Structure formats: C-alpha cells, structure tokens
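Asker: My questions all concern the structure below.
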Amino acid sequence: MLLADVVFASAALAATRSRKAKIATLAELINRAGEDELPAVVAFLTGQPSQGRIGTGWRTLADLGAAPAAEPGLAVAEVDAALGEVAGLSGSGSAKRRAEALHALFARATADEQRFLFRLLTGELRQGALEGVMVDAIAAAAEVPGEAVRRAFMLSGRLPVTALAAVTGGEQALGEFRLRLGRPLRPMLASPAESLDEALREHGSVLVEYKMDGARIQVHRQGDEVHVYTRTLREITANVAELVRLVRELPCESVVLDGETLALTDDGRPRPFQETMSRFGSSREEQVRELLLRPYFFDCLHLDGVDLLDAPLRERNAALRSVVGEHLIPGEVEPEDASAILDAALDAGHEGVMVKSLDSVYAAGRRGRAWLKVKPVHTLDLVVLGAEWGHGRRTGYLSNLHLGARDPDGGPPIMVGKTFKGLTDELLAWQTKRLQEIEARRDDWTVYVRPELVVEIELDGAQVSPRYPGGVALRFARVVRYRPDKEPADADTIDAVRATLKGGA
Ligand code: AMP
C-alpha cells in the first residue's frame, strides 16, 4: 500500500463529519492493507508513527528543506522502516544522522505526503478522538463484534496490534488478549449523572464511594516487583516510591489495583490537584517527604493468579477489601443512606460520589453507565484551541482561552466558548509559555494551538448560540485547572455540553 493511499484517506476523514463515512473509509483501508503493513496503517491513521514518538523536534523537521517528489511512490512499509531506523538512532552524531535519514525520506515524498509526514511526526495529526471510530472500523473490516475489539484494545492498550489480531485471527485471536502483570490496561471511565436520585434509580444494587479529586493510578504487583501507571498508561513507578513500598506490604503475591492518589493536608483534607500532579513529574526525595501521596483503591482486577475483569463488581470489591486494608476508598456496598455518603464526601472536601452497579464487569473504552459520577458543581473537561492576548494588567500574557468539546465521531474539537476567568497569575504565565510551544498559527489577537491540552472548566450551563459551530455556547465559564492527566481523547463531548443546556432547548 502506498503512503499516498493513507494520505488520501486521512484527508477524506477530515472532510466528513459522518461517523459512518469515517468507519467505511477506515475499514476499506484496513481490508486493503497487507498483514505486514497493517499495524503502520492503523498507527498512521490515528496520527502516530508505529514506534510512538520518534524523538525528532519540530525545528529539525521544519529545516529539512527536501524538494518534494513529483509522483507518489513511497510505500507504507518503507516509511515505517525508515521511521523505525530514525527512532533507533542514538549516541553522538545521531541528531545529524537522523536529519539525514529524514531528509532522504522526505525527498521521496510528494508535497501532500511531506505535509502529512510533518504533521505525523510533530504530533499534530494525533487523533485520540479517532480511537473509538477506529475500534468500530476494525470490527467492521474483520467482521467481528465491536465489544471483542474494545476488550482487546483495553488489554493491549494498542490499536495496531489489536487490528492485526482481528484481521488475521478474528474473534478467537482477540479473545486471546489477557490481562498481563506489568502491562497497563486502559482504565474504565464514568458518565455523569444529573443527581444522586437519578443515579440510584438507574441501577439495582449499587456501591456508593467517595469521588476523590486526585490522579488515577493503576498498580501492578508480582512478588516484590511493583509498577505504577497513570491514567494515560505512562509508567511513574520511579516517582512514587512511597506507593511502591506500601503496595509491597499488602498481604498477597500478585495484584492489579485501580485507584486514585492524592496528597492530604495536615488536617486530612485533599491538597490542591496541581500539587498531586507535580509529584508525577519528579522523584526528588525532598518533595517526597514534603508531599506524601496516599492511595485510595477502588477496584481489583487481579488477585493471586485470578483475573477478575469479567467478574461482577460485587466480587471484585470483596477481593479489594480482602487485600488493601486501610487504603480502601471510603464507600459502602448497598448503602441504606446514600445521601449521607455524598454529604460526608463533600464535607471532607471531595468532589462528590461514584455510584457503581454491583453487577457490572470492568470495561474500558466507551464511557458506559455502569459507573455514574454525581457532583454538585458542573464541570467539563475541554480542549484548549487557542488564546487571545490580554489587555491592561494582562498585557503580554495569553489570556482568553478558546475552548473546544470533543467530537464523538472523531472530528476535530468543536469550539463552545471562551474564558479568561479563574486564571491565577501563575497559570497565566505558565499558559503563555506553554501555548506558544504548541502553536499552530497566529494572527494579531490570537495564538491558535494544536489541540493537546485539556482544561477543566466550571460553568453555569450552556445556551443555544448560532455563533458557535456546535450551536451551543458555555455560560459563565471559568477555569478550575489544567488536567495534565488527561488527553484530548478524554475530554467531554459536544453532547455533554448540550446536556447542560438550560431550559432544555
Ligand atoms: P472524570 O475524570 O470526571 O470522568 O471522573 C473519573 C475519574 O474520577 C476517574 O478516572 C478517577 O481518576 C477518579 N475517581 C475518584 N474517585 C473514584 C472512585 N471512587 N471510583 C472511580 N474513579 C474515581
């Protein structure tokens, strides 16, 4: 298959808003790709080289200066091999050799292909939002149920290998993906509920737990070996020595736990989220002592040789309680008074509660209704699309943020509003620098950025607005905080924004 075919399909994906059309385009390409090139095709179409990041900066790529080829002739497999080679270069002189190898590759690409490769390698094409569409396309191409693909993707964390298994071995090969100790799986997510009553009405038997405001962790332990991962499956074991020590002490041989971690103040209230997140980027001992992270576990996916993914929550929760001791998140199975738990959570400074169906299995990938979050304050996680230069006291700072909601059908984020409220001086300074690092273009007033950053916004609701492309605009939006633990694929969708419309318009 030629790179030109992928570039053509990528343009077709961008040109339509129809989920069905996108699935058809992707499925057709998956079916046409040979086995050896399929993983790369799937990786390219979700905007990533199959090697992940290949470690080449924007500057190097912008300076390549290769004249484009007149005719398309590059095969996907050749591009994949060349990128593999570039990714493998290290040591002295590697920057120069990398630039040479990339120059040779770009010189064989047409102008369209060069643009595609540039965007692929700078991360600009990265389309987390397309993952859900790709899952459906793999299912369509391989003629297997979507659930089988979703489950294999949850377990492998990687779409290219999932696609290859689906196409070459069908449902059986997909069923062979197992939970493996030391390989993180994609986390299960929650959907919002309007109120506690609504959440309780929706499920029969429930578990009600505090929804704590920290950072998600997934912990794997086998014997003395412990690994800790973030929500985006990044390994942070080296930064969280205190968590590792504590998990090593648990009374078991092997375990996989899902939980939330945060630091507390001296009187036991949660410390600001930024402080917890800052720990994920650093392993300096003095910080560790200053800011001790505590884990609050809420799920158990494996215990002493037994996989629990397909067991109902009732069973997983019993396993959890048998092993984590005091590190259990506060909550109650089939509570008599769920509102008392909500009140207690809010009194203790937490966000709200989770209401979970005790009959549900662990399923990632799609925001299901098995876990419902109940929070009194309305917040949405939105994608930063750009920011306008400030005035007065904010002159020289990027201030008014342009905010986008996720298109559930895999298109680019849809703008739903702007805000400059809630930004501290520290955040203003930080975003002025950070946004220019991911700048896509600018005009006199605004710096537009690649859609990479997620920001949590508190709002009063939404209103109908013909001025915005999704037909809705945020009312009284203000920044709560940036969410470095989330990717644009985790942002709230345009449907979630519409669900907050006042007056049901
Ligand atoms: P949200 O990020 O608003 O979709 O809420 C889901 C997140 O809440 C999860 O990814 C966890 O990081 C966090 N969380 C806090 N407490 C719980 C809990 N008891 N169960 C599940 N997730 C929780």
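Heads up, the Cβ atoms here are built off N, Cα and C, so glycines get one too.
The ATP binding site annotation in TrEMBL covers E209, R216, R231, E260, F298, R367, K373. Among the features that TrEMBL reports, active site, N6-AMP-lysine intermediate is placed at K211. Residues annotated as domain 'ATP-dependent DNA ligase family profile' in TrEMBL: 296-407.
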Asker: Per DSSP, what is the residue tally for the domain 'ATP-dependent DNA ligase family profile' (296-407) in helix, strand and coil?
Answerer: 28 helix, 44 strand, 40 coil
Asker: How many neighbouring Cβ atoms, not counting its own, are there within 10 Å of the Cβ of R216 (ATP binding site)?
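Answerer: Excluding its own Cβ, R216 (ATP binding site) sees 17 Cβ atoms within 10 Å.
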Asker: Do me a favour and check the Cα-Cα span between F298 (ATP binding site) and K211 (active site, N6-AMP-lysine intermediate); whole Å is fine.
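Answerer: Each residue's Cα considered, F298 (ATP binding site) and K211 (active site, N6-AMP-lysine intermediate) end up 10 Å apart.
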Asker: Quick check on the recorded positions K211, R231, K373: which one has the highest count of other Cβ atoms within 10 Å of its Cβ?
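Answerer: Result for the most crowded candidate: K211.
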Asker: Please report the distance from the Cα of R231 (ATP binding site) to the Cα of K211 (active site, N6-AMP-lysine intermediate), rounded to the nearest angstrom.
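Answerer: For R231 (ATP binding site) versus K211 (active site, N6-AMP-lysine intermediate), the Cα atoms are 16 Å apart.
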Asker: Does DSSP give R231 (ATP binding site) helix, strand or coil?
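Answerer: SS state of R231 (ATP binding site) = coil.
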Asker: Using a Cβ cut-off under 8 Å and a sequence separation of 6 or more, which residues in the same chain sit near E209 (ATP binding site)?
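Answerer: Correct list: F298, I329, P330, G331, E332, I341, V353, M354, K356.
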Asker: Give me the count of other Cβ atoms within 10 A of the Cβ belonging to E260 (ATP binding site).
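Answerer: Excluding its own Cβ, E260 (ATP binding site) sees 23 Cβ atoms within 10 Å.
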Asker: For F298 (ATP binding site), just count the other CB atoms lying within 10 A of its CB, please.
Answerer: 27
